[in-house]
Amino acid sequence: MSTGDAGYIVLSPSDEPRQYPPVQEANTPLLSHEHVVSSGDPRTISIHGGTFTVDPTSHSYSYAYGPKGLAGLKHNKYALLCAFFASIGGLEFGYDQGVIANVLVMNDFIRRWPITPLQKGSMTAVLELGALIGALSGGIHADRYSRGRAIVLACIVFCIGSSFQCFAQSLSHLFVGRAIGGLGVGALSMLSPLYMAEISPPEVRGSLMALEQLSIVLGVVFGFWTGFMTRDIPSSLSWRIPLGIQLIPGIILALGCAFLPPSPRLLVLHGQYDEARRSLSRLRLRDHGDDDENEGQGDLLVQLELLEMKVETTLIQRTLEHELQLEAEAGGDATYLNPAKGGLEAEWRTWKKLFSHRFRGRTWIGVLIMVFQQWSGINALLYYGPTLVHSIGLSGDTVTLLVSGGIGIVQFLAVLPAIVFIDRVGRRVLLRGGGLMMAASHLGIAVLVILFQSDWSAHPLAAWIAVGGIYTFTFAYGISFGPIGWVLPSEVFPLSMRSKGVALSTASNWINNFFIGLLTPVLVNFSAATTFLVFASACVLAYLWATYFIPETANISLEEVDKLFKSAAGRDEAVVRAQIEEELGLTDLVRELAEES
């Protein structure tokens with residue numbers, strides 16, 4: 001839904017940047033196929049199963065294609081299918097996390113290549129470094145070409161890396177394979193949620209994007225238990241099989257991208273309005289046109305969402321023109337502002353804009369949510385679950401592997417209610433509640449370790465209570481920072497900076513993932529209690545951050561999210577936006593609709 005300070009029904013500009021609006025679209029009946037269902041204030045109109053609500057006083061509006069939660073996912077079944085398929089990229093991410101913990105302790109692997117603790121940490125961390133580069137480069141390819149082509153390229157790179165790992169004949173082959181595979185995993189980890197955000201209806205965007213976390217967790221569970229089941233095979237197949245299986249979803253995703261609809265927002269950014277209209281109508285299952293030319297024209301909600309994208313694109317163009325003018329007046333070379341001409345310098349300047357006054361607040365949201373996601377301790381449990389479980393007193397390989405494998409199952413179960421409630425209760429409520437519960441869980445475990453670590457065998461109940469604390473933490477993470485960590489970065493950036501903003505946010509995930517993989521063995525070896533206290537402190541900071549610095553982005557369109565960020569730069573942009581809306585006659589049209597409803 002869209003609930004900005006002011007909202008307007010948008011008429012489409014033509015392909016000429018300053019010719020607004022085309023006569024035919026200006027005369028399109030706004031109230032066709034509609035009937036009033038509420039005469040209150042605000043007033044709601046039903047449109048082909050969706051709703052449009054307008055406040056006659058402020059002229060702000062909101063809209064939805066259907067209900068929220070599970071009913072909304074069923075109503076938007078085609079978008080659900082596309083988002084679920086795109087989330088296979090997250091499955092690859094999670095599978096690698098889940099499988100490596102078992103591979104590194106398999107008898108044949110250790111006998112073949114005995115590795116030092118430093119090599120073990122490096123084996124885990126080298127993928128994160130590759131993923132960091134992959135995430136940043138994925139943002140460039142996603143804008144220059146298309147989301148689908150970028151995903152296919154990432155899948156190819158991932159499959160090359162997986163082949164190196166599966167058929168490795170030396171330890172160096174594994175390092176090379178994980179580095180190359182990391183490039184693909186990193187790119188997929190930002191491309192999948194980016195595409196999912198851009199195809200999702202506003203009322204279920206959070207639920208659809210939570211599928212990314214669900215897919216990651218499914219990958220973790222599948223990877224862990226695949227390795228667990230093959231660990232006793234008396235040959236290299238014990239670890240080659242689980243490393244080779246990850247090729248399958250990569251190939252499926254690469255081939256399936258040919259059938260995914262393109263992102264309508266990217267098409268609008270590239271000026272391909274007819275293709276964007278067809279893609280949006282298809283995604284919303286609201287094709288009421290008689291031919292391709294009129295596809296979606298008779299549906300007010302499709303018109304509204306598409307034209308919101310056009311308004312934002314026009315705003316981006318005018319902002320760029322203003323920047324070019326200022327640079328020219330200052331006597332500088334404005335070529336760098338044009339990515340088509342500026343090359344590497346243009347790319348560098350564009351990335352730097354993420355830290356300008358205009359975008360800085362959004363950038364910190366994307367970067368910090370990934371910081372807190374990682375330093376909550378979740379990947380420390382996934383990578384070194386057996387080590388951490390052993391530190392709280394449980395012994396035996398089977399017991400520790402079963403307990404740490406249960407972490408993935410609990411996380412999977414937690415994501416399910418997140419999918420249902422993330423759009424109903426909002427992002428901030430889940431983040432705050434999750435932060436407090438995670439902090440309490442870590443603190444409780446730390447206290448138990450301090451009290452009983454000297455003689456766990458005499459206090460088995462305390463050890464299992466600590467395991468319960470790990471599961472409680474995992475559930476809290478799975479319903480809060482796990483899924484929302486992938487939702488927020490894809491929501492807060494405007495269209496012009498979205499791919500690069502998501503790429504930088506994902507890069508933050510991998511940087512912190514790298515340090516978690518490298519430092520956790522050192523911290524656990526130094527003091528298990530200190531390890532859990534560090535994670536508890538990070539969770540407390542996460543709670544405070546979510547309370548005081550996160551705006552609520554649930555149930556508003558991606559275009560309207562921009563109005564949540566208040567700054568001088570934002571006010572200047574709001575003036576330009578108002579001028580564009582005034583040129584299009586938007587204010588008068590919404591007032592007319594409000595009166596007639």
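Glycine residues also receive a Cβ, built from the backbone N, Cα and C atoms like all the rest.
Lifted from TrEMBL, the feature list:
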TRANSMEM  78-95  transmembrane segment
DOMAIN    82-554  domain 'Major facilitator superfamily (MFS) profile'
TRANSMEM  121-138  transmembrane segment
TRANSMEM  150-170  transmembrane segment
TRANSMEM  176-196  transmembrane segment
TRANSMEM  208-229  transmembrane segment
TRANSMEM  241-260  transmembrane segment
TRANSMEM  363-384  transmembrane segment
TRANSMEM  399-422  transmembrane segment
TRANSMEM  429-452  transmembrane segment
TRANSMEM  464-489  transmembrane segment
TRANSMEM  501-520  transmembrane segment
TRANSMEM  526-546  transmembrane segment
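For the transmembrane segment (526-546), same-chain residues at least 6 beyond its ends with a Cβ under 8 Å from one of its own Cβ atoms are 368, 372, 375-377, 380, 388, 391-392, 428, 431-432, 435-436, 438-439, 442-443, 445-446, 449-450, 453, 481, 520.
Proximity of distant same-chain residues to the transmembrane segment (78-95), defined by a Cβ-Cβ separation under 8 Å and at least 6 residues beyond the stretch ends, is recorded for 151, 154, 158, 184-185, 188-189, 191-193, 195-196, 199-201, 204, 208-209, 211-223, 245-246, 249-250, 252-253, 256, 260-261, 282-285, 486. With Cβ pairs under 8 Å as the measure, the transmembrane segment (150-170) is packed most heavily against 121-138, out of 121-138, 208-229, 363-384. Contact check: the transmembrane segment (241-260) against the transmembrane segment (208-229) gives at least three Cβ pairs closer than 8 Å, residues 6 or more apart, which meets the contact criterion. When pLDDT values are averaged over the domain 'Major facilitator superfamily (MFS) profile' (82-554), the model yields 82. For the transmembrane segment (121-138), the list of distant contacts is 96, 100, 104, 115, 150, 154, 157, 161, 174-175, 178-191, 383, 499, 503-504, 506-507, 509-511, 513-514, 517-518, 521: same-chain residues at least six beyond its ends, Cβ to Cβ under 8 Å.
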